[in-house]
Amino acid sequence: MSDYKSTLNLPETEFPMRGNLANREPVMLKSWTEDGLYQQIRDSRIGRKPFILHDGPPYANGSIHIGHSVNKILKDIIVKSKTLSGFDAPYIPGWDCHGLPIELKVEQKVGKPGHKVTAAQFREKCREYAAKQVDGQREDFIRLGVFADWNKPYLTMDFDTEANIVRSLAKVIDSGHLHKGVKPVHWCTDCGSALAEAEVEYEDKKSPAIDVAFAATDKAALLAKFDVQDCTGSASMVIWTTTPWTLPANRALSVSPELDYVLVEFVKDGATSTVILADALVESCMERYGVESHKALGKAKGQELELLRFNHPFYDFDVPVILGDHVTVDSGTGVVHTAPGHGQDDFVVGQKYGLEVANPVGDNGVYKADTEIFAGQHVFKANDNVVALLEEKGALIKHEKIMHSYPHCWRHKTPIIFRATPQWFISMDQKGLRKQALGEIEQTQWIPDWGQSRIEKMVENRPDWCISRQRTWGVPITLFVHRETEELHPDSISLMERVANRIEREGIQAWWDLDAQELLGDEAEQYRKVTDTLDVWYDSGSSFSSVVASRPEYQGHEIDLYLEGSDQHRGWFMSSLMISTAMNGKAPYKQVLTHGFTVDGNGRKMSKSIGNVIAPQTVTNKLGADILRLWVAATDYSGEMTVSDEILKRSADAYRRIRNTARFLLANINGFDPVNDLVAVEEMVALDRWVVRRAAALQEELIEAYEQYNFHVVTQKLMQFCSVELGSFYLDIIKDRQYTAKGDSVARRSCQSALYLISEAMVRWIAPILSFTADEIWQLLPGEREKYVFTQEWYQGLESVTLDSDLSDEYWEQLLTVRGEVNKVIEQARREKQIGGSLEAEITLYADDALSQALATLGDELRFVLLTSKTQIVALSSAPADAIETEMTSLKLGLHKAESEKCERCWHHREDVGQVEAHPTLCTRCVTNIEGDGEVRQFA
């Protein structure tokens with residue numbers, strides 16, 4: 001054989017079988033950075049239509065986790081695919097840099113502001129800490145192969161961004177959406193600050209659940225409403241609550257106007273009591289109270305009870321009955337204890353009746369000094385004391401402990417309270433913001449489409465947005481308020497612009513250093529500076545304006561896409577929508593895409609305590625970033641995204657299939673010159689023309705899937721093409737022609753041309769997902785080319801040509817099926833040691849008339865398709881009893897071992913081996929390929 005080895009066209013490539021990605025990727029990254037690849041891409045798209053994906057800024061605290069990786073990789077796939085589609089798609093990464101988590105980290109190091117360090121020093125320490133966190137996260141994102149303007153990201157703490165945040169607030173104020181009010185807000189007593197809705201998490205909590213009696217002030221008036229003459233003892237209205245600590249702030253009892261209420265007399269422990277309960281809840285209440293007997297004395301609609309008065313159970317005043325639509329009969333008594341200072345529904349209904357918004361609780365969760373009985377007690381600790389006092393007063397009907405879902409601080413993981421405080425709000429209704437935002441939601445494309453109804457419900461039900469915080473590290477609310485009237489300065493808008501100009505030069509510290517007299521002159525004594533800071537959700541939510549407007553890359557183009565996790569419907573998508581609609585009357589985005597959360601193989605959330613956390617850094621160091629990128633792309637992100645070591649191993653296996661395909665392609669076009677050796681598609685062997693046609697059709701499907709952000713469809717179709725059409729069919733068939741045909745014959749060049757065209761297309765198909773591997777392939781492709789695939793567009797060289805004489809795509813599909821059946825028979829024969837390789841087999845195909853005619857079209861070339869030394873076609877009706885059944889009703893098979901000599905060069909068993917005296921071990925085909933003009937192939 002050694003004599004003829006040099007006559008074969010053996011595959012050869014520098015592209016290694018093993019990716020060794022963990023070691024090879026960092027070398028490529030270094031090259032990309034040194035060559036300024038991101039800028040090269042930007043330069044290649046000057047003047048093209050822009051596509052703007054605006055980055056939702058991750059918080060600058062801690063290492064990135066797998067969810068961050070998913071998010072950034074999805075964005076990167078989109079930006080790269082849009083670039084391939086010819087768009088100018090800049091990507092400016094951002095970071096959220098203000099807020100409580102950073103304050104807490106800095107407090108651990110330097111203490112609270114005003115103690116060991118001044119507030120100004122504290123802010124500087126926060127800035128330093130955030131910058132360091134950004135650097136760490138940036139390195140991790142770069143390692144993932146994400147292309148972005150990493151040298152010039154946007155940080156919400158950049159001076160110009162801070163200034164633009166102030167300018168955006170000025171525009172919101174100018175549009176009439178800001179108001180100040182005393183309202184109940186989510187309040188964390190550990191933070192000492194209001195919380196945004198997105199900063200509230202719901203966890204199970206054990207709480208006291210109590211039924212409390214409020215005795216009627218005028219028993220006769222009450223009985224008259226129920227058309228009852230008399231009853232035993234006093235008549236009371238009963239409330240049920242899980243927050244006894246809010247009872248000092250009770251100012252009313254709410255009933256539903258349409259519900260029926262019943263005056264019930266019951267006996268318990270020998271004593272008779274008379275109470276008012278919702279009719280629908282009487283039986284459940286009596287059961288809970290453990291009464292011996294009960295009877296209904298009378299019935300009345302809730303609206304008939306309006307403004308009756310009842311004594312507070314332990315304070316010396318009485319409260320009215322009011323009507324509220326928020327009252328339900330889902331649980332409790334059908335009567336709601338109403339404390340306008342401690343609940344949103346309570347506040348809203350209280351406003352209608354002009355109730356006092358009592359707030360006896362301080363910032364730290366302790367009752368204020370003027371709170372009767374409970375002064376100085378922490379509210380949660382006071383619960384037991386309230387219960388004890390109610391029992392002492394004879395007002396406690398039932399006391400038990402229940403587990404229920406309760407709001408907790410996202411940072412401290414501790415229960416929070418609702419507490420009325422003076423705050424700044426963006427009003428949802430005073431200028432029609434809610435209605436406008438709902439209209440804008442309809443104009444936006446939501447992916448998946450359920451995102452629309454989700455955010456609609458949130459906007460429909462959300463309260464006014466409390467944008468003020470009582471924190472040190474944040475963008476200040478740069479307003480001057482009149483000391484007596486609490487009115488804003490009449491020149492607030494122009495004053496805010498002057499302050500913004502200072503912040504642009506000096507950062508937010510400029511506000512704290514500002515002497516009011518510098519701006520207000522003689523008026524300074526009448527006004528005070530607001531000391532509140534903005535909710536960090538305002539920082540990020542205004543970035544469509546504060547960032548996009550200031551970056552020349554965006555050319556003033558509107559944002560096309562926001563892409564974040566599904567929790568951002570109530571977070572960044574919401575805050576951005578509110579601010580943009582308040583400022584500009586329209587949504588900031590055209591499309592909003594959400595991805596699910598990452599969970600482990602058992603569907604559990606990632607948790608250090610469970611020990612199921614998969615860190616992206618570990619994956620890139622062990623398997624390489626391309627494996628992580630392939631997992632992200634292959635997973636349907638519309639639901640939960642499952643990841644585990646086993647799943648990543650499967651991704652690595654899938655990656656190997658793609659890599660092996662690429663290696664085969666490169667190894668077989670080694671030395672191919674696209675300028676001189678390329679065979680026109682119409683002159684190719686039919687099988688080659690078919691595979692190019694398939695690749696062209698696939699490219700259209702892949703581009704469409706990329707455009708619809710269906711990356712799992714991209715990977716599925718790509719894997720199918722590599723595994724089935726190429727791996728199991730085309731590449732297997734062409735090996736004989738590729739290796740044994742004359743080196744420069746049309747038969748071989750046709751095949752190489754097809755492989756070359758597929759390689760040029762495929763390297764682009766995988767570039768958005770397997771970026772490192774695509775670059776590796778690109779560097780080894782033959783022909784003149786730009787340095788990087790990432791500056792290219794989708795390949796235009798795939799011509800979908802079908803000649804009149806061509807076999808149809810359906811024909812090749814049928815042949816693929818026949819070949820699959822033949823393979824099964826050959827494999828069985830190999831397992832039974834009947835033959836060694838497939839070329840030792842001679843196959844008889846017993847086919848019906850239609851299939852016989854189809855197979856006969858290929859003539860002698862059928863054996864190359866079936867990878868056997870000899871084939872013969874016989875009528876199905878002539879099949880012997882021992883013919884092998886297949887899954888095709890039109891086909892049976894026969895196999896026997898070839899008896900002819902084996903050609904030393906091509907390994908086919910042929911009767912003509914040794915016919916040429918000079919080459920006694922070769923078939924005549926091989927002699928032609930060595931010494932003659934080379935064999936001619938028409939079909940395969």
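The backbone N, Cα and C atoms fix where each Cβ goes, glycine too.
Cβ neighbour count for GLU564 (L-isoleucyl-5'-AMP binding site): 20 (other Cβ atoms within 10 Å of its Cβ, all protein chains included). Feature annotation from Swiss-Prot assigns L-isoleucyl-5'-AMP binding site to GLU564.
Around the Cβ of LYS608 (ATP binding site), a 10 Å sphere holds 7 further Cβ atoms from the protein chains shown. The ATP binding site annotation in Swiss-Prot covers LYS608 and rests on sequence analysis.
Annotation for CYS906 (Zn(2+) binding site): spatial neighbours ASP736, THR740, CYS923, ARG925, CYS926, criterion Cβ-Cβ under 8 Å with sequence separation of six or more. Positions annotated as Zn(2+) binding site by Swiss-Prot: CYS903, CYS906, CYS923, CYS926.
Among the features that Swiss-Prot reports, motif ''HIGH' region' is placed at 58-68. Cβ atoms under 8 Å from those of the motif ''HIGH' region' (58-68) belong to residues 95-97, 99, 101-102, 105, 130-131, 133-134, 136-137, 140-141, 155, 565, 597-598, 606, 613-617, 643 of the same chain, restricted to positions at least 6 beyond its ends.
Using DSSP to sort the residues of the motif ''KMSKS' region' (605-609) gives these counts of helix, strand and coil: 0 helix, 1 strand, 4 coil. The motif ''KMSKS' region' annotation in Swiss-Prot covers 605-609.
According to DSSP, CYS923 (Zn(2+) binding site) sits in a coil region rather than a helix or strand.
Taking the mean position of the Cβ atoms of CYS903, CYS906, CYS923, CYS926 as the Zn(2+) site, the remaining same-chain residues with a Cβ inside 8 Å of that point are THR740, GLU904, ARG905, TRP907, HIS908, ARG910, VAL913, LEU922, THR924, ARG925, VAL927. Across the motif ''HIGH' region' (58-68), DSSP assigns 3 helix, 1 strand, 7 coil. The number of other CB atoms found within 10 A of the CB of CYS903 (Zn(2+) binding site), across every protein chain shown, is 25.
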